[in-house]
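For reference, the structure discussed in these notes is given below.
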Amino acid sequence: MATQHSRSAARLMMAPAVILLLGWMLVPLSMTVLFSFKKYLPMRGGDLGWVGFDNYVRFVSSSAFWPSVQATLLIVGGVLLITVVLGVVLALLLDQPMWGQGIVRILVIAPFFVMPTVSALVWKNMFMDPVNGLLAHVWKFFGAAPVEWLSQASMQSIILIVSWQWLPFATLILLTAVQSLDSEQLEAAEMDGAPVFKRFWYIILPHLARAITVVVLIQTIFLLSIFAEIFVTTQGSFGTKTLTYLIFQRVLESQNVGLGSAGGVYAIILANIVAIFLMRIVGKNLDA
Amino acid sequence: MGSITLSKVTKSFGEAQVIPPLDLEINDGEFVVFVGPSGCGKSTLLRLIAGLEDVSSGEISIDGVDATSLAPAKRKLAMVFQSYALYPHMSVKKNIAFPLKMAGMDPAEQEKRIANAAKVLNLTDYIDRRPGQLSGGQRQRVAIGRAIVREPEAFLFDEPLSNLDAALRVNMRAEISELHQQLATTMIYVTHDQVEAMTMADKIVVLRAGHIEQVGSPLELYERPRNLFVAGFIGSPKMNLISGAEAAKHDAATIGIRPEHITLSKESGTWAGKVGLAEHLGSDTFSRIHSDELGEITVRTIGDFAIKHGDTVYMTPDMSKLHRFDADGLAIR
Amino acid sequence: MARAVTNQRKTINTILAWAVGLLIFFPILWTILTSFKTEAQAISDPPVFLFFDWTLENYAVVQERSNYMRFLWNSVLIAGGSTLLGVIIAVPAAWSMAFVPSKRTKDILLWMLSTKMLPAVGVLYPIYLIFIKFGILDSRIGLIIVLMLINLPIIIWMLYTYFKEIPGEILEAARMDGATLKEEILYVLTPMAIPGIASTILLNFILAWNEAFWTLNLTAAKAAPLTAFIASYSSPEGLFYAKLSAASTMAIAPILILGWFSQKQLVRGLTFGAVK
Ligand SMILES: Nc1ncnc2c1ncn2[C@@H]1O[C@H](COP(=O)(O)OP(=O)(O)O)[C@@H](O)[C@H]1O
Ligand SMILES: [Mg+2]
């Protein structure tokens, strides 16, 4: 349905969005690349000239670099695993007939509405505090010694907090997909004598494949750049320094823009590797 | 005025040429039907005329004025889509009023035209309903209403009846024909159903793979099909086509005889055969007769012709109605 | 399910689902409850659940300490402004991609989405400099622009998926009826896509409301929204559970209420239009 006229109109109407996003991507990006080749200390002399690849070498050879990549991937992977698995279970549960389904659904979605700063603060103080936190009370109730969550099990704690925020999203998408499953197909499988587990494995799970892809794609986009949860809880200590946070510290806390920018370029490369990988999958799945 | 001329019009989608160079003349006030099997380019041709697609080359003129690169709205044509394409969020009245509103017409005049269209189309009682609350036939009428209030130079219909059930289809067919009589405006009507084409058209354009196979009045096409394709496409049940020795006897590669031009007898006739299936419709009986030399032949007889599976019968074709075709499928006259 | 389900099974489902639902909701519930306790009761051992002396004192203190209304107003303006601006830019773009698709449409869409994967921290300093240069550091307009840009790909994607469900013939009918492109979008497409547009607006409003990287790093006193308001309670001297809870409740209440009132659109929106 396209005439020359509508095609040129279409190009014109895409232009603002494309130009804005292109500018948003290219302008700061090229500045970052520029800074990354400079010794640039805003508080201590400003632009101190070109240094070639020094910043890149220093950033990677810093002892904090690889642990930060590892922490980033661990958080993204951990949260994805938890939210997808629990999301599938919850979606199947919520799809069953029950009383008050609407209210349960609201309860389950609610964490998504909570801003990350609030959820991090609430979890840190009111639940994970080793003295007054609710979890400490529970542990004491069972006669166990309270855990210092954010230092002894820092990674697990952060993954828990972030998973709590993203579980509603995964559940909802998966629930929508479960609801679109043709129940006759399941009944046919039941008639064929397929046990519950096989029905899940061969019929339900393949049906959810596209929804799971969407969950993984969208969550990865957001999880790669989580910031507030770490900023508010551990401030990057106890092995929770993600790449994002490491760069943030280099730029803002040590005021070393050159070094931070080199880190930024690394982060962009990492994000692109993940992006290409994801786009491959999603591109295929998007056609349907 | 509503004459439309297409000269050397072509249309390609990427590599694929859907419409090869095509010339066509449509006169003012004519009811023209484009007919052909599905996928042959009927909709594409209609959309080219409407301006919803650009021609790849060639020229379209409306009332003698070059309209090739005119925007759809400027061509003074109205279109009724297969899916009706009603605006679901507007009432029937708003739907019909939309083109008038877009034209910035004076509200009093709008009211008058809407009331008139609603009366003509029996929509007065539904005027405040949404399309979702209407039956298929009523939706169809709203779509037509939206087209007629504009008083266009020509109407374009793209398979407007294909979403209706059989009974309703016959009714709407008559209504559209009647509308044409009343308005005397040019109508171009696309269908894959040759019955619709035969019953409604002043002029039929038979298309195959974007080519015009023949243009003519329904009777012309019925009586003098230009080639095998038209012969097989127009008429129901289909014309019997026979090739081989029997055709050679008539100096042709293929001969054709319509089912209604064969007389059946239990005693004697030109060709002998065995009755395969006999369909008794009441008014007529259609029999499929198997003959060793000719293959399957369909014959129409009167309704109470007593005949059943396995009977041996004799067929006599009316020689004056015999069609002959050469090796290229063209009619020999 | 076409089959009748036994009441027993339904009861078990109900109990299970409510238990899980309440467990997930519990942190929020606990925060709201704590906000009505005195500081002593908030840290009492063992914790009290419902039977305490309900008080509104914490809300008064929080309001006095930090001007809640100003943060709230900033949040509303920033989230609302960036969402509306985003939708205004995205509707024409999504129209183009949905109704005049070309070979490159999918690539463009994926590219747009990929700009969301650019780590914000990688460009924090350049943006900081640009903001200073244009004098929009710690201004609402600056944040509106940035949040609009980071959410634009998602808005376009969602609108695109909703628009694609609308039959192109209806838009063509409008074109035949003499509607200009603007009228076609305004009078035909937009009203038909209202549910999808509403979902898009709601979801992106929430995303913008909760955004915490740019809002924390690009604001100070003037334009700070609720994310910054609550961050000020993370410093130790502000560490009073009841007041923290009151502040938290105040920060999330508007969105929770909005969420409850527009549940249907939100559920639809939460799937980003990607799953039907
Ligand atoms: N937008 C398009 N892009 C590519 N091919 C198309 C397009 N529209 C139609 N076609 C092709 O053109 C041919 C004719 O289509 P159409 O005009 O819709 O046929 P009809 O209406 O006779 O059934 C078909 O082979 C169809 O696949
Ligand atoms: Mg067609």
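Using N, Cα and C of the backbone, Cβ positions are placed for all residues, glycine too.
What TrEMBL lists as transmembrane segment is A:12-37 (among others).
The domain 'ABC transmembrane type-1' annotation in TrEMBL covers A:69-278.
The feature transmembrane segment is assigned by TrEMBL to A:71-94 (among others).
Within its own chain, the transmembrane segment (A:106-123) is flanked in space by residues 90, 94, 157, 160-161, 164-169, 171-172, 226-229, 231-233, which lie at least six positions past its ends and keep a Cβ under 8 Å from the stretch. Look at TrEMBL and you will find A:106-123 (among others) tagged as transmembrane segment.
Here TrEMBL flags A:158-179 (among others) as transmembrane segment.
Taken from TrEMBL, the feature transmembrane segment covers A:200-228 (among others).
Marked as transmembrane segment by TrEMBL: A:263-282 (among others).
Listed by sequence, the residues of this chain that lie at least six past the ends of the transmembrane segment (A:200-228) yet keep a Cβ under 8 A from its Cβ atoms are 72, 75-76, 79-80, 83-84, 87-88, 92, 115-117, 120, 162, 166, 169-170, 173-174, 176-178, 180-181, 185-186, 189, 194, 242, 244-245, 248, 270-271, 274, 278, 281-282, 285, 288. Long-range contacts of the transmembrane segment (A:158-179) within the same chain, counting only residues at least 6 positions beyond its ends with a Cβ under 8 Å from a Cβ of the stretch, are 74-75, 78-79, 82-84, 86-88, 90-92, 94-95, 108-112, 114, 116, 119-120, 123, 204, 207-208, 210-212, 214-215, 218-219, 222-223, 226, 229-230, 233-234, 240. Beyond the ends of the transmembrane segment (A:12-37), by six or more residues, the same chain brings 50-53, 55-56, 257-258, 261-262, 264-265, 268 to within a C-beta distance below 8 angstroms of the stretch.
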